[in-house]
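Q: Below are the structure tokens for one structure; questions will follow.
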Amino acid sequence: MSDTPVSQSNFYTLSPGDLTRLALQIKQWGQELGFAQIGICDTDLTAQEPQLQQWLDNGYHGEMGYMESHGMMRARPHELHPGTTRVISARMDYLPPKAGFATNLSDPNLAYISRYAGGRDYHKMIRNRLKKLGQMIEAELLNLGASKPGFRPFVDSAPILERPLAAKAGLGWTGKHSLLLNQDAGSWFFLGELFIDLALPVDIPVVEGCNTCVACIKSCPTNAIVEPYIVDGRRCISYLTIELQGAIPEEFRPLIGNRIYGCDDCQLVCPVNNKAPLTNEHDFHTRDPLKQPQLLTLFGWSEAEFLKITEGSPIRRIGHKRWLRNIAVALGNAPASNDIVTALEQRKTSEEVDEVVIEHIDWALTQQQEKQLQEQASPNRKTQRVIRSVEKGLPRDA
Ligand code: B12
Ligand code: SF4
Ligand code: SF4
């Protein structure tokens with residue numbers, strides 16, 4: 001490669017050698033900032049557009065109106081932030097220590113909370129680190145005598161196809177559960193991006209590695225992975241417990257089990273996750289009140305307690321009423337118990353419930369009454385399979 005300076009549209013004059021050195025430097029800085037890996041790609045996602053359109057046409061976004069409100073901008077990073085020529089894609093591990101998956105899923109009186117959500121909300125934290133990365137690049141360019149770059153950090157909530165960008169940037173391949181999967185790190189990581197108007201050299205995508213495995217598809221409690229790589233959001237427990245505002249369709253309630261916020265099953269059974277590293281971020285460790293919590297304890301929290309304990313956590317976003325709605329479903333799925341019936345009846349008359357919560361409490365009471373006549377409830381067959389698989393594959397966390 002020649003080291004002749006190249007003129008770029010927005011006034012930089014950096015040689016290809018400068019840009020290659022800078023790309024290496026960016027990856028080093030990324031690690032110093034706590035990212036597990038950084039990759040770089042261009043902004044061309046045209047190949048994804050028909051697939052995204054098909055997903056929307058099928059209605060798989062359900063009530064997530066934000067998924068369709070920006071049209072195809074989601075696949076056109078340069079429209080979201082004009083001038084962008086490269087995306088610096090970053091991933092950050094979130095698996096907390098002592099995750100205790102199997103213990104949690106096998107006890108129907110405990111609440112299961114997705115392991116990404118037990119600590120501090122990742123959005124602000126990752127965005128700040130990406131901004132810092134942008135500032136480091138800016139300082140380096142000024143140092144080299146070049147002009148300031150235009151950059152903007154994003155995490156999760158902007159209209160961006162983050163997973164395809166990360167795949168393009170070589171951070172992993174798309175697993176059949178539709179998440180990004182890395183041979184060395186599994187899938188327990190968040191994604192974020194720094195959009196930049198700097199013609200950095202791009203990375204090479206990795207080859208898909210799922211091969212003949214279909215464990216995630218077979219283990220999904222609600223059959224949400226409708227085809228390899230395609231999730232019908234409306235069926236996913238993450239959508240039903242976090243995104244959906246109103247009533248949870250009855251057909252899914254028994255299948256949700258004790259999962260009151262998100263779901264990890266497709267990641268738990270994934271063999272690539274056997275060697276996934278734990279997070280380096282203390283902020284992502286599960287807070288004490290959310291470690292193997294009793295459903296009844298969480299159901300008893302007043303709104304003030306809920307807001308205090310979940311301050312700074314992603315869970316706060318769903319609000320107290322949806323929290324109660326979700327726990328009511330899990331209590332309906334728990335073994336018959338007089339304590340549960342009493343708690344449901346008391347909650348029903350409290351001032352903190354609305355019609356939606358009451359309807360879920362009534363459903364739970366009916367389930368409890370029906371179970372009074374039956375044997376102790378045990379996790380359903382699919383959940384039992386997930387538990388066995390976790391016990392075998394992740395002894396550290398079982
Ligand atoms: C909407 C959304 C959801 C929805 C819909 C999920 C979905 N699969 O689309 C719901 C609420 C269900 C959800 C759940 C979860 N989510 Co979410 N979610 C998003 C969000 C905001 C957008 C995803 C999106 O664009 N979906 C639209 C569809 C069309 O995109 P897609 O699934 O990638 O679909 C592509 C494939 O179908 C592909 N395709 C089609 N055919 C084929 C064929 C082949 C061979 C291939 C390779 C691909 C392919 O083309 C499509 C278009 O690119 C992103 C953040 C972001 N801005 O990107 C986070 C994000 C994807 N979620 C994330 C996480 C962590 C989760 C959960 C694990 C949370 C939890 N524990 O509860 C679950 C996992 C569920 C699952 N198996 O997907 C992380 C994933 C990190 C990672 N390692 O990949 C992200 C990136 C957030 C982040 N910044 O970290 N999520
Ligand atoms: S998160 Fe749970 S419900 Fe959603 S696709 Fe994965 S296994 Fe299915
Ligand atoms: S469980 Fe199997 S098919 Fe699913 S993502 Fe992991 S390796 Fe791929």
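Each Cβ is built from the backbone N, Cα and C atoms, and glycine gets one as well.
Because TrEMBL annotations are produced automatically, they should be read as predictions rather than curated entries.
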Q: Given that TrEMBL annotates C210, C213, C216 as binding [4Fe-4S] cluster 1, state which candidate in C263, C270 belongs to that site as well.
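A: [4Fe-4S] cluster 1 site check in TrEMBL: besides C210, C213, C216, the record includes C270 out of C263, C270.
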Q: Mind tallying the domain '4Fe-4S ferredoxin-type' (198-230) by DSSP state, helix then strand then coil?
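A: The breakdown for the domain '4Fe-4S ferredoxin-type' (198-230) reads 5 helix, 4 strand, 24 coil.
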Q: Filtering C210, C216, C220, C236, S238, K321 (binding-site residues) by proximity to ligand 1: which pass a Cβ cutoff of under 6 Å to any of its atoms?
A: C236, S238
Q: How big is the gap, in Å, between the Cα of C220 ([4Fe-4S] cluster 2 binding site) and that of D264 (cob(II)alamin binding site), rounded to a whole number?
A: 9
Q: For C270 ([4Fe-4S] cluster 1 binding site), list the number of other Cβ atoms lying within 10 Å of its Cβ atom.
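A: Its Cβ shell of radius 10 Å holds 26 other Cβ atoms.
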Q: Please list the recorded positions from R74, D156, L180, L191, K321 whose Cβ falls under 6 Å of any atom in ligand 2.
A: none
